[in-house]
Amino acid sequence: MPGIVELPTLEELKVEEVKVSSAVLKAAAHHYGAQCDKTNKEFMLCRWEEKDPRRCLKEGKLVNGCALNFFRQIKSHCAEPFTEYWTCLDYSNMQLFRHCRQQQAKFDQCVLDKLGWVRPDLGQLSKVTKVKTDRPLPENPYHSRARPEPNPVIEGDLKPAKHGTRFFFWTV
């Protein structure tokens, strides 16, 4: 029935949260974006195609798992330079990167040496990319209604309006 809404169970919704502050997210954003790019884009593609977040729970869990794994790797390999970097961002005015370039360089060097991750160039993550996915295409990806029948053809001569146009100020 179209009136019944099926909600996911609590077990389906249960995931371990990524409990970090905005400064930590901002400090890790460039490397996180590079490492979890495919899972994030696949999740956003699912959300755009399905228009229903309940159908994208599996992809959402993969995004969450990627984020948790990313922060665990940072914590185990580069905890000290990362803490200096996000603390600098947290205490700087409006979390601006320009105040913390020295800490950023130390963190980027640590990540490069120990994990082999190169900081992506500016604009690299915002480029348009194609996402290869194993999900089937939705039946109606644009959620559009069926097209209505065209108006019937009017037979006979059409006469001009009796009192002119509706836009009276145009005809004066």
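FYI, residue positions are counted from 1 along the chain as it appears here.
Quick reminder: no glycine exception, Cβ is built from N, Cα and C everywhere.
Here the structure is a predicted model, which means the values were calculated and not measured.
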Among 1-11, 56-66, 67-77, 111-121, find the range that Swiss-Prot records as motif 'Cx9C motif 2'.
56-66
Need the matching range: Swiss-Prot marks motif 'Cx9C motif 3' on one of 23-33, 78-88, and I'd like to know which.
78-88
With the ranges 100-110, 122-132 to choose from, which does Swiss-Prot describe as motif 'Cx9C motif 4'?
100-110
By DSSP, what is the split of the domain 'CHCH 1' (33-74) into helix, strand and coil residues?
39 helix, 0 strand, 3 coil
Residues near Cys100 (disulfide bond) in space but at least six apart in sequence (CB under 8 A):
Tyr85, Cys88, Leu89, Ser92
Ranking 36-46, 56-66, 100-110 by Cβ pairs under 8 Å to the motif 'Cx9C motif 3' (78-88) puts first 100-110
Using a 10 Å cut-off on CB atoms, tell me which of the disulfide-bonded residues Cys78, Cys110 is the least crowded.
Cys110
Please identify which of Cys36, Cys46 has the densest Cβ environment, defined as other Cβ atoms within 10 Å, among these disulfide-bonded residues.
Cys46
Long-range Cβ environment of Cys66 (disulfide bond), under 8 Å and at least 6 residues apart
Gln35, Cys36, Thr39, Asn40
